[in-house]
Each structure stands twice: as C-alpha cells, then as structure tokens.
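Scroll down for the structure; my scribbles are underneath it.
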Amino acid sequence: MKATLIVSALLAATMVVSAGRLHTPTPSNSQQLVRRSFIVEYDHHHSHSHFATALKRRQIEVDVHKEYEIFNGAAITLRSDEHSGEHLATLAGVKNVWPVTTYSLPHIREPPNPIETLAEGVIQAAAVSNHNSTGVNVLHDSFNLTGAGIKVGVLDSGVDYNHPVFAIPPATTGCFAVDSLTCRFIKGWDFVGDAYTSERKPVPGPDPMDRHGHGTHVAGIIGGNALSPTIVPRPITPWVGVAPGVTFGIYKVIGKAGVTTTEVLLSAMEMAYKDGMNLMHTAQRADALKIINMSLGGGSAYRDGPEAKLAETLTANGMVVISAAGNEGSDGVWMVSDLGLGDSTTSVASFDGAFANYSYFTYAGVNYPYQSSLIFGPGIAINTGITPILSTLDGSLSSGCNPAFYSGLDLRGKYALVKYSPGECDSNIRQASFQTAGAIGFLVQALQGEFVGFVATSTFPIAGVDYASGLALIAAWKANPAGAFVWSGATTAEFPNPDGGGPSSFSSYGLDGELRSKPDVGAPGGKILSAYPIAEGGYSVLSGTSMATPYIVGANALYMESKRAKPLGAVIRKAFKNTATFSRGPGSVIVDSALKQGAGLINVLNAIRTTSSITPDHIDLLDTVNFKRTTDITITNSGATAEIYTLSHVAADTLNFYYVAGNPFPQGKPLVSKDQATVSFGSNQIQIEAGQSTTVTLTFTEPSSGDASQFPLYSGFVVATPATAGAIAVHVPYTGMKGDVRQVPMMDTVSGYPMLTMVSASGRSLVSIPRSAVFDLTRPNATVVPVVLTRLGSHTPDLTIRVYTDKNQFAGFMSSPSKGPAFGTSGRQMNLDQETNEKEFSGFDWEGEIYLVENSTTTAHQIVPSGSYNIVVAAQKKFTKGKYPDDFEVYKLGSLSVKTNGPPLPELTDNGTVGSSAAVSSLGSLGVIAVTSVLMSLAMAIGL
C-alpha cells in the first residue's frame, strides 16, 4: 500500500512494548520496525514443531529465519499483509509476539581520530590515570592478572583481528582461527555482512572482520596490548587494555551502517553462549565462563523485550551480560537503554578521566585546550588574533548576543571570545553578526564544570574552551592585545580534564520506567584511546558509554580470573557496586546522583580484595505514595576474623528535571540541590563474626525541602566501614522520588502534542487537515491518510489511540499499518533528535483499521465503516492499574471523516468515553496546536 510506505519513511517514535500477548513497539529515530517480521516466543510446553503445525492449521504462510534454542521461539516474516502479529499471538502455544526492531550504535561523542592525526611523542596520561583510578594497574603489575582463561563474546561490528594489539608474542599481528591455541580470536561469525541495513537481507558468513571501527575499539579496551616498543603501527603512547590475556569470540551483528535487529541479537547471544559451552574442557559447569559485551543504544525503559528476557536467562545460567547505559545525558531523566535493565544484567555509565586528549591553541606562550564543533571537524588551523566581547556595562565577558557590545571593535580576520549563556541566543544569530563584523570564528567560554562542543556550520569555526581557560585568555589579552593564536590543527595533546573525576555529561540518566535504580556502575568512557581498523589508521580516541561498557567487561574478566570458584554475574556486579568510588564531579553540590553514576566508578582491586558485602546491591524507595520507609540490608563478613562495622549515610545531589512552570516535558539539564533524605540504623555499629551475616533495618525519611509537584529525584549511599585498618568499606546506593509519580506528565502539550495531521498529496510531508476533508481509505486508494502525532516526555505503561463513533461510542483501538496496534507500554521521546536537531515525536498513520479489544487473544480487528470518528489519545499514568479513563491522561483530538469498504461495527458499548469523569484535555476540533512550527521542523528533518 502506497501510504504505508510513504508514512514509514516520515514518522519517528520512541520504543513501545505492550504488556499483553502481542507487543507493539513503535520505533524511535534510532529504531525502526522490520516490516512483517516478528519474534515469537512459545510457552514452555510447546516447540518449533507445534508452532509449524499451528501455522499450517490457520493457513498462515511465513518464512522462518531462525529457530532459537535457549530462547524458546523463532524469528519469522509473514509472506503477506493478510495476516498480522495479532494472528500469530492467537496461535496455540504462543506466549509472546514482538515485531522485529532495530538497534543502533550509540551516538559517538567524537569523530574517529586516526593515528596519523595525533602528535608523536605526546604523553597520553589518560591511559595511565584510568587504570590508576580503577586499580587495574595494581592487578596487572602486582598480581599479574590479565584475564587469562576467560572467554569474552563481543557483539558489535566485528573486529580487525589482524591488528597487532591482539598478537600473541612472538607473533606481531593478531589472528582469527576457530579453536586455535595461537590466536586470541577463537570463535566468531558474521551474522549480517558489511552492507547490512534493516531493509537489506543479511548476508552471513564465517569472517567477522570489522569494516566499521566500533567493534575493534571496543575489543581493544577489553584486551588490547600496545606496550611493545616495536609495534606497527605505533600509537601515540604505549597503552594496554583492561584484560590483555582474554580470548575472544567475535559476533558481527552490525555492518557499515551501524544497525542491527532483535532477530540478529538473539542469534548472536545464543551462539556466544553455546560457543562458551563447546570450549569447556572440564565437566564442571563453573568453568564455562562467558561474558557478553553489548555497546548498543536505544529502546524503552521497560525490560520486557525478547533480548532482555534472553539476557536474564543467560545470566541465570552463568553468563555475564553487560550493556551501555546510553549517551543521552543531554535529554534528562528516564533515558537509560533497555538492554541493561534486567535484575542481574549490568547497565554501565561513563566517567571522565582526570586527563584527556584535546586539540589546542597557543596564546602568549600558553597552551589552551579546546573542542571545536563536530560539524566543523576535530581541528582548527587558522592562525589569527582574538578579541574578547566585553560588556559595556561592567566589563565582564558577554555572550555576544547584543551587537552593541562589539560595535566599533575591529573583528576583521579575528576570533571573538564570548561566554556561554544558554537560552539568551543561539549560535546562528551570533555567527551571522560576527561574520558581518568581519570575524572568522568565535570561541565560547563554557560554564563552570562543563566543557562541551557547540553546533556550527562547516565553514565558520566555533570552539569551546573551559571556564578557567576563558578567564586566563581575557587576562592574557588585556596584557597583550596584539598577541596571535597559533592553532595546533589536527595535533592533540594531554591536558587536565575540567570534567574529570565524575560521570560524563553525555552519560544517560536513570531511573527506569518502574522507578528502579539504573545505571548500575560506571567506568572510564571519556576520550578513550584504543585500537581502530588498520585501514583507518590503527588507533582512535572515542567517548561514550560504548567505551565504558568494555572496560567493565575487562574488569569482570580480571575478577573471574582471581577467584577459584567462578561467580555468577550478579555476584560480580554486587562486588563492583559495593566497592565503587562514588564521585563529586563538576557541577555537583554534594556527590553525584546515583541516577547518573550508579554506585560510582568501578574499583576492580577493591572488588577483588574486599571481605565484606551488602545485599541487595541497590535500594529502590519509589515515590512518596509508594514510599518504602523501611528496608532490610544484609551485611556479610567473609573474612577470617570478626569485624566491627560503622554504618553511615552519604547523601547525593537531588535532581529536578521538571522545574519549568507549565512545561510538562523534562528538561535536559537538571537543577541540582542539597535536598536530601535521612537514614537511621537503630545502632550505628554492629559486630559480625567471621563467615557470618547480619540483617540491618534501615529507616528512611524523604527530603523535608523540595517541591513535590516538580518530582525531585533524590539519592544517596548507605556505607558500612570495617574497623580493621586497611579494610575496604562497602556501600549500597538508594534512589527515590518526592511526589506522586502518578502525576508525572506524559504528553508534551506545550509543543502542541498530541495532534491530528495528514500525509500531503505529494506524500513528502505532513500537513494540517482541512475541516471539510473526507479521507478515502478504500484500498488501493488510501494514498492520503490521517496521522496522529504524539510526543511523550515520560514512560507510560499504556499509550493508546482510541476511536469513537460520532455518538461517542467506543469503536476500538487505532491500528497503524506502519506501527501496528496503538496500545502498549512506551518510552519517552528525546528532547532533540541527534541527527536532525529537531524535536522527536511519534507518528501513527491510519487506514481505518481498529482492534476491538486491547491485547485481544482473538483476531478481533476490522476496518471501520464509512462515517465520522472522534480520535482520543490516552496515556496511562505511572504506578496505576490501568482503569480507563481514571488512570489516564486523555486528549480529545477531534473528528475524522472517512470513506472505507469496512463492514458494520459490532454492537457497541460505552468503554470510558470522552464524556466520562476523567480529566480530559481537548485540543480543538482538529487537535492542531502549534502545528505550523512542528510541520516545518518535520519538513526540515526529512530534507524538504
């Protein structure tokens, strides 16, 4: 159908997963549905043969792509549009059905920086300081731990296995050979092929060579070794990965386009698990240790997707599954990726090191680090002067937004120095003004505690300098206004990192959709030097939770090697969380929130050495209404002698993302306050005998200050400190929300959502609906169709689009040909799409199909008959039971007139119509608020 193909190319939405038998994901800009493709899970009494029989009985024709073994199900594609996922869900023995969904690599914070662009002889202090801060250097140097004997599965873009950092001496290059004793890559498979996208059929094969770069960088962090002085190509400084003795399985699930699917991920996860079992050389199951690294992004903050279910199964059977938290720190709360949301899987945050590699310029003999805009490129090579734009009011550095401040200044051929002033004006306005005045670029002094790049064009350079450098530049200019810049161009050098010591600004904030504590723990992920494909220069400096995740993987390998009895993943995660170092990074007023750093920066040495532990490894206090005032923790002394523990409480920053009055969408940058909870222990000291455990009851009190209507998120750490000198303190993080989570707003009404629009006659844009419009939805005439747009600022257990007759009788739930049935749990949208820099939204195109019952177990769906229908969007509030309409935010969008060939509707009953007692927001007869700006943004996003 033409309209389906058109709208599939136009619409973008956040991940949706239904809680019923048929799960109905609606993809985000980083995710898409694969047309007519589904993951089917059987109940435990049924198998592939039962499913095949059920398909034949119902005359449903499918292509079976993969029959899974550990995950009891299959990946299939329907051969025609005659049947749907709902038909599959009604088959005997089918437990769950999910549409196949894509995943993408997280947005990398710096472009690849090949070896030839890096300065020779520059001291890479970051490579050393990262291992110092995590204790890895001591484990290498004093305990000779390298991860030897541990097998690590890397699910990524493949690996350049010939790279010399993976060589086993005396060899000078790495190699890949199945079950080899002389290669470090001993298992592997290419599931997709180099040219794979979700629209193209996979071309699997036995060679998992990396043509992208991401997987090689990840493998280098885990276990590369560039310490040899004769290594070729030579890095800017010798470095070593976390566990240089591990062996690898390479599971190439991503091609050059950086995309994979749930179908491919499930296949790779199963193969990685089975490869570990096949390599087991003893009869003891404990020796079949396996670790999976998944540095992928996307998904909702709910954990009911097939890959999350399989990850839980694998961890319960001895495999360690570790996933990136995501790089959406600029989008605020509720943004942790769903792959790491399981109870025993690990979600990893990124930390910035004390040192980092930056491009730089020299002024008056002093080097200053800077970050240029990503669009312009990594380095600036235009040598010229500088003119600070000072306020005529007090002589301080201005934002450059007021042209009067530089009226009469000679900016010709120079850079302007301004300060960052968010919300005052954007870079485009300043760029135009500065270009008119003759400037060739400008520098922006960052706020205290921040050091970020800025958006710019490809021809006019903008660079950010940290706050202290901005002050020093002003002083240097005043002493010598005639001084000239000398730019390093592509050359880089090491500088103290102004963001160092705390979580990376890009690292995603928790919590998950059920107010559970995520991420779990952090690792170095900012400006990490590692391997890159030889064809691309051999080495690269990248940032992201994709870099922090393999660091944790390597740390797991060191921990496993150190223990005689190989522990399960949940045990290792607890050791890492209990002994992590919680931080106070730039911008923090107490210590960084557990929503950002989890339990803190990993310390592998302490995790191995500790003889104490706390269970559970996190405490979820929920919200005020569901507040868990008391909770028990168990402290275990596994040492050889009795130990006295002193209990204490360290409060962390409270974060407020809903501080803009009247705006229901969470802000990307939180307000940070000292509002804090209190904790009492009964007794602050306890004695625990050797090898024994004691249960302690904690009593929490919510913060006394803070506006509950703004839903402040508080956190902190409960610490148990042993009295023995040199013994390692252990802690557990807690998180909670002040306020009623049921009142957290769902829909971005300020931006005009939800709204009714339509596909234009050209099929290239969405436009407002004329009041006299009648949509001809008779097939094959459905070329111009209505579209419902939504934009969620928070997760909802159930997002529905309901269709009512013109007499306000409930007819059913809208079903979109490109998105499926409009019901199910849904994650929030990003503030701005990372590719288009426009607001992200969801779109549901409609060709008249409805489902009569939500999550029905029969094929109760049909085309509506011709007539007028009222469209209602309803988003279920958090922590409610789903009673409609009382537990929902309800929005009446207006009416649509349609011409169809549908049969009469069955006998209708009232099902919580719009006229009920629930709070209803009417968005007008057409439901179009600020539609012009939204549609202009959409047109820009698709290149119209």
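These residue numbers are counts, starting from 1, taken along the chain as shown.
Glycine residues also receive a Cβ, built from the backbone N, Cα and C atoms like all the rest.
If you check TrEMBL, you get these features:
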type     : residues : note
SIGNAL   : 1-19     : signal peptide
DOMAIN   : 147-581  : domain 'Peptidase S8/S53'
ACT_SITE : D156     : active site, charge relay system
ACT_SITE : H214     : active site, charge relay system
DOMAIN   : 399-473  : domain 'PA'
ACT_SITE : S546     : active site, charge relay system
DOMAIN   : 621-735  : domain 'C5a peptidase/Subtilisin-like protease SBT2-like Fn3-like'
Going by DSSP, is D156 (active site, charge relay system) sitting in a helix, a strand, or coil?
strand
Using Cα coordinates, what distance in whole Å links D156 (active site, charge relay system) and H214 (active site, charge relay system)?
7
H214 (active site, charge relay system) to S546 (active site, charge relay system): how many Å between their Cα atoms?
9
For H214 (active site, charge relay system), name the DSSP secondary structure in the helix/strand/coil scheme.
helix
For a quick check of packing: other C-beta atoms within 10 Å of the C-beta of H214 (active site, charge relay system), how many?
27
Residues in the domain 'PA' (399-473) grouped by DSSP into helix, strand and remaining coil:
21 helix, 14 strand, 40 coil
Which residue counts does DSSP give the domain 'C5a peptidase/Subtilisin-like protease SBT2-like Fn3-like' (621-735) for helix, strand and coil?
3 helix, 56 strand, 56 coil
All-chain count of other Cβ atoms within 10 Å of D156 (active site, charge relay system):
30
